[in-house]
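Below is one structure; the comments refer to it alone.
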Amino acid sequence: MPKIIRGFVRGVDAMNYFIGRFAMYLIFALIGVLMWSSVSKTFFEPTLWTLEMAQFIMVAFYVLGGPYAVQMGSNVRMDLFYGTWSVRQKAWMDAFTVLFLMFYLGVLLYGAIGSTAYSLGHFTGEPFAFFWDLGVTLVTEGPAAAKDKMGFIERSPTAWRPYIWPVKTIMILGVTLMLLQVTAEFFRDIGRIRGVEL
Amino acid sequence: MPYEMIAILMFSSMMLMLLTGQRVFGAIGFVAAAGGMLLWGTGGADMPFSAAMKLMKWYPLLTLPMFIFMGYVLSESRIADDLYKMFHVWMGPVRGGLAIGTIGLMVLISAMNGLSVAGMAIGATIALPELLKRGYDKIMVTGVIQAGSSLGILVPPSVVLVLYAMIARQPVGQLWLAGVIPGLMMAVMFIIYIYVRCRMQPELGPPLPPEERNVSTREKMRLLSAGLLPLIIFAVMMVPFVKGWTSLVESSAIGAMAAFVAAVLKGRMTREVFENSVRNTLGISCMFMWIILAALGFGAIFDGLGAVKAISDLFTAQWGLDPWVILILMQLSFIVMGTFLDDTAMLVIVAPLYVPLVGDLGFDLVWYGVLYTITCQIAYMTPPFGYNLFLMRAMAPPEISIRDIYRSIIPFVAVMVAALAAVMAFPQIALWLPDLIYK
Amino acid sequence: APAIVRAQAPIKWRMQTYAGAALGAEVTKPAVDYINAAANGEMEIELFYADQIVPTGELFQALQRGTIDAVHSDDDSMASPTPLQRFGGYFPLATKHILDVPVLFNQYGLADIWREEYEKVGVTWLSAAGQDPCNFNTTKEITSLEDLDGLKLYTFPTAGRFLSQFGVVPVSIPYEDAEVAVQTGELDGMAWSGITEDYTVGWADVTDYFLTNNISGAWIGSHFVNPQRWADLPEHLKQLVMAGIEAGHTYRDQWYWGGEARLRAQGDKLKLRTIPQKEWKTVEDAALTFWDEIAEEGEVHAKVVKIFRDYNEVIGNAGPPYTFE
Ligand code: NA
Ligand code: NA
């Protein structure tokens with residue numbers, strides 16, 4: 001396999017391993033927030049933010065941890081036939097079916113980008129142009145001018161009213177990482193077909 | 001395109017996708033995304049992501065990683081070992097006694113956990129090797145562990161019943177209570193089956209050799225106290241919830257914390273145990289969450305394209321049928337779909353379709369929740385697709401082949417179907433306890 | 001919008017309401033049924049309920065992008081990105097009766113503001129109407145303002161913001177989950193509706209008390225449509241849609257007005273409780289302060305608050321039955 005592809009696979013694996021290991025420990029943040037919620041309710045005042053905070057942590061947990069879970073092979077497959085195939089046969093089939101998965105992730109990413117643009121106040125449905133414009137403005141004219149490009153910043157309709165764009169940004173990041181991981185898996189399968197373990 | 005065509009097209013392409021052996025969330029997600037792009041029209045491409053926001057807001061799912069973590073802590077730290085020894089010593093002299101004891105162990109684990117993962121992990125790591133060592137029939141014991149662990153979703157607490165409660169808008173407390181007696185009844189039915197089978201074929205489950213049976217009464221009593229641990233964890237988690245001091249998700253976090261603290265206090269929380277528990281929690285949680293994400297997208301697109309309406313029309317067109325016939329047809333279709341779909345996918349795709357119909361037919365939705373859960377248990381262990389099957393395959397020692405695993409479930413699925421029929425015929429099995437407490 | 005269009009196929013809209021199925025059957029479905037029947041096959045609206053196709057929080061974007069063609073909701077629930085978000089749903093103590101809402105829109109100029117503001121963000125506003133008052137139904141008894149302290153209530157964002165000064169902890173979850181959330185302990189009740197809805201959607205089964213004091217006399221909600229879909233509609237069908245919506249309003253006015261009276265007087269699931277008017281005055285005063293705060297937020301906010309002030313002055317001078325004393 002070309003060196004660049006080996007490098008890509010190794011790089012993606014390492015990055016997602018690192019991020020996934022970080023996401024893995026979010027389980028304790030989740031337990032902590034919910035424990036605090038119980039404690040504060042019993043002894044002080046109920047909190048405004050814990051349930052929603054827990055939901056945000058949960059999103060980070062499963063979205064950022066997803067690629068690492070793919071590395072670990074945690075994703076189930078229906079292996080009625082699959083289970084009986086050889087490594088090479090599996091690689092052939094996977095190299096093909098992974099394209100469907102990429103398509104799904106691509107659509108998911110498209111939706112995430114549109115929704116994040118919306119949460120930054122962009123309403124006309126051209127999210128890529130918006131982000132491009134935003135980026136260019138940020139670089140050429142500075143943060144204040146970029147802020148002006150944004151419109152109504154979406155907040156969660158709760159009493160706590162957190163901004164929504166951070167969690168949507170995490171989703172963009174997570175889906176992108178997943179897409180990279182799946183691409184790495186694709187190359188790995190191609191490698192297996194050629195008899196090389198990447 | 002006619003609605004029926006859309007329904008058939010989407011369902012059959014999903015089945016086809018699944019059969020290629022690709023990752024389940026990819027199969028479901030692809031059909032959802034393709035349906036959104038090709039059939040929806042304007043804005044259809046936004047649908048898969050909007051499912052992510054729906055998922056975020058579905059707060060009972062926060063219990064999922066909590067229960068998974070709890071299950072791994074209980075199994076990896078082997079704090080259930082004493083519990084297993086207790087059953088081992090007490091039940092050992094009986095023919096098939098260790099298998100019967102394993103069912104008892106599974107009932108206790110079920111009371112501490114809302115999923116079947118914990119029971120599977122504990123059963124496969126602790127009970128299975130011991131059973132095999134003692135000459136128990138590998139096919140029977142494989143079935144025992146899969147069937148026993150599936151009680152995790154029927155005996156409270158149960159994540160499946162919470163998710164059902166959200167869809168059917170039924171009280172969680174009553175649903176959990178409704179699961180108690182059917183859960184215990186099913187455990188007893190498993191035990192009767194094992195006992196009778198071992199009477200007929202003693203070689204399947206030999207009693208313990210005498211030298212292993214010679215345990216002092218004092219030691220026996222000491223081991224009995226091991227049974228206290230699950231009771232304490234159950235109480236720490238459930239009492240504040242039942243009393244209304246903490247909410248459901250908070251209680252699940254308390255349960256996870258309690259299991260963790262218990263493992264630390266018993267000196268079992270080694271670096272390795274910690275690493276395995278945390279890493280496996282991430283892996284299994286991600287598996288569930290990505291499937292639910294894809295399935296929610298599929299469900300919304302399927303529904304928005306009118307396919308849901310087409311299927312309910314199909315049922316409503318049969319209004320002439322007796323409601324019971326419709327109900328039985330539904331359960332049969334659930335079992336058939338359950339062989340192919342996983343229970344979370346069934347929950348978000350099929351349940352929203354069936355549950356209102358069951359209500360319209362005049363059936364009690366708490367009772368139906370129990371029927372639904374038993375069907376999920378069956379789905380868990382029927383090939384080709386079932387979590388317990390997968391977990392078993394991942395955890396079983398090499399001498400147990402896939403064929404063994406598939407064969408092992410047959411008698412237990414038969415017992416479950418019998419239990420399902422019993423609860424259908426006598427709704428009081430499920431409803432007596434909640435009625436007693438709430439009315 | 002379906003991509004596959006055959007010759008003379010009916011125009012199809014997907015519409016999602018903020019209400020769950022049980023409530024939607026009364027507040028949204030009658031208008032849809034009327035339009036579908038009267039359109040004689042030229043048009044068909046498929047109705048979906050709360051969170052069925054997209055989560056309510058994403059509803060507005062879905063409407064802009066055409067994922068959903070039409071929406072029935074209040075501005076607050078659907079997280080409207082306009083200044084009007086504060087006023088839809090329940091603006092604290094701004095109205096007394098259900099008919100105040102159409103009067104405010106059609107005689108005092110709110111309709112023009114709504115139409116204009118939504119046009120700016122790419123959505124066509126069609127019509128607004130009133131619904132029930134915003135009372136409390138809870139598992140815990142409320143007889144004084146102190147009892148509100150620490151209550152976790154399912155409520156509208158703006159109402160929640162207002163109520164938090166009395167110690168209420170507003171909780172935001174999907175509409176259909178609220179009933180179970182009372183049972184899982186996530187909620188102590190709702191500050192969401194009048195008593196008719198409590199009985200209709202099953203909340204009366206999980207809570208015990210109904211507080212007769214309301215923090216707003218009528219819900220404000222609207223029908224919206226994707227601009228492109230509206231433009232594509234022939235003139236006679238536009239008229240038909242508007243007529244259907246009006247018919248829905250009329251049905252709803254009666255359903256709520258009759259329901260509130262009958263269930264307070266004869267309902268047996270919720271015990272009525274009242275905070276004495278003297279004490280409740282604190283809340284009414286706080287509402288006026290809250291109005292000032294909201295008016296500070298912007299030009300449009302100030303304009304709408306002024307209209308509420310003018311109207312309340314008129315009905316205050318008119319006296320009963322426009323006011324309570
Ligand atoms: Na359980
Ligand atoms: Na199955």
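Glycine too: its Cβ is placed from the backbone N, Cα and C atoms.
As annotated by TrEMBL, domain 'TRAP C4-dicarboxylate transport system permease DctM subunit' applies to B:14-429.
Same-chain residues lying 6 or more positions outside the transmembrane segment (B:57-75) and placing a CB less than 8 Å from one of its CB atoms are 109, 112-115, 117-119, 121-122, 125-126, 157, 159, 162-163, 165-166, 248-249, 252-253, 255-256, 259-260, 263, 269, 273, 276-278, 280-281, 284-285, 288-289, 292. Summarising the annotation, TrEMBL assigns transmembrane segment to B:57-75 (among others).
Under the heading transmembrane segment, TrEMBL lists B:87-109 (among others).
The transmembrane segment feature in TrEMBL is assigned to B:115-132 (among others). If one looks beyond the transmembrane segment (B:115-132) by at least 6 residues along the same chain, the residues whose Cβ comes under 8 Å of a Cβ in the stretch are 64, 67-68, 70-72, 74-76, 78, 80-81, 84, 88, 98-99, 102, 105-106, 109, 138, 141-142, 144-146, 148-153, 159, 284, 377, 380, 387-388, 391-392, 395-397, 399.
Under the heading transmembrane segment, TrEMBL lists B:144-167 (among others).
Remote same-chain partners of the transmembrane segment (B:173-196), defined as residues 6 or more beyond its termini with a Cβ less than 8 Å from a stretch Cβ, comprise 94-96, 99-100, 103-104, 106-107, 110, 140, 144, 147-148, 151, 154-158, 161, 164-165, 205, 242, 366-367, 369-370, 373-374, 411-412, 415-416, 418-419, 422-423, 429-434, 437-438. Residues or ranges marked as transmembrane segment in TrEMBL: B:173-196 (among others).
Per TrEMBL, the feature transmembrane segment maps to B:223-242 (among others). Same-chain residues lying 6 or more positions outside the transmembrane segment (B:223-242) and placing a CB less than 8 Å from one of its CB atoms are 79, 82-83, 85-86, 89-90, 108-109, 111-112, 156-157, 173, 248, 250-252, 254-255, 258-259, 262.
What TrEMBL records for B:248-265 (among others) is transmembrane segment.
If one looks beyond the transmembrane segment (B:286-311) by at least 6 residues along the same chain, the residues whose Cβ comes under 8 Å of a Cβ in the stretch are 2-4, 6-7, 10, 14, 24-26, 28-29, 31-33, 35-36, 39-40, 44, 47-48, 50-52, 54-55, 61, 64, 68, 342, 344-345, 347-349, 352-353. Per TrEMBL, the feature transmembrane segment maps to B:286-311 (among others).
What TrEMBL records for B:323-341 (among others) is transmembrane segment.
Listed by sequence, the residues of this chain that lie at least six past the ends of the transmembrane segment (B:346-363) yet keep a Cβ under 8 A from its Cβ atoms are 160, 163-164, 167-168, 292, 295-296, 298-299, 302-303, 308, 311-312, 315-316, 323, 326-327, 330, 334, 337-338, 372, 376, 379. Residues or ranges marked as transmembrane segment in TrEMBL: B:346-363 (among others).
Here TrEMBL flags B:369-391 (among others) as transmembrane segment. Sequence-distant contacts of the transmembrane segment (B:369-391) (same chain, six or more residues past either end, CB-CB distance under 8 Å): 18, 24, 116-117, 120-121, 124, 146-147, 149-151, 153-154, 158, 160-161, 164-165, 168, 170, 175, 178-179, 182, 186, 331, 334-335, 337-343, 346-347, 351, 405-406, 409, 412-413, 416-417, 419-420, 423-424, 430.
As annotated by TrEMBL, transmembrane segment applies to B:412-433 (among others).
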Interface-richest range of B:144-167, B:248-265, B:323-341 toward the transmembrane segment (B:87-109), CB pairs under 8 Å: B:144-167
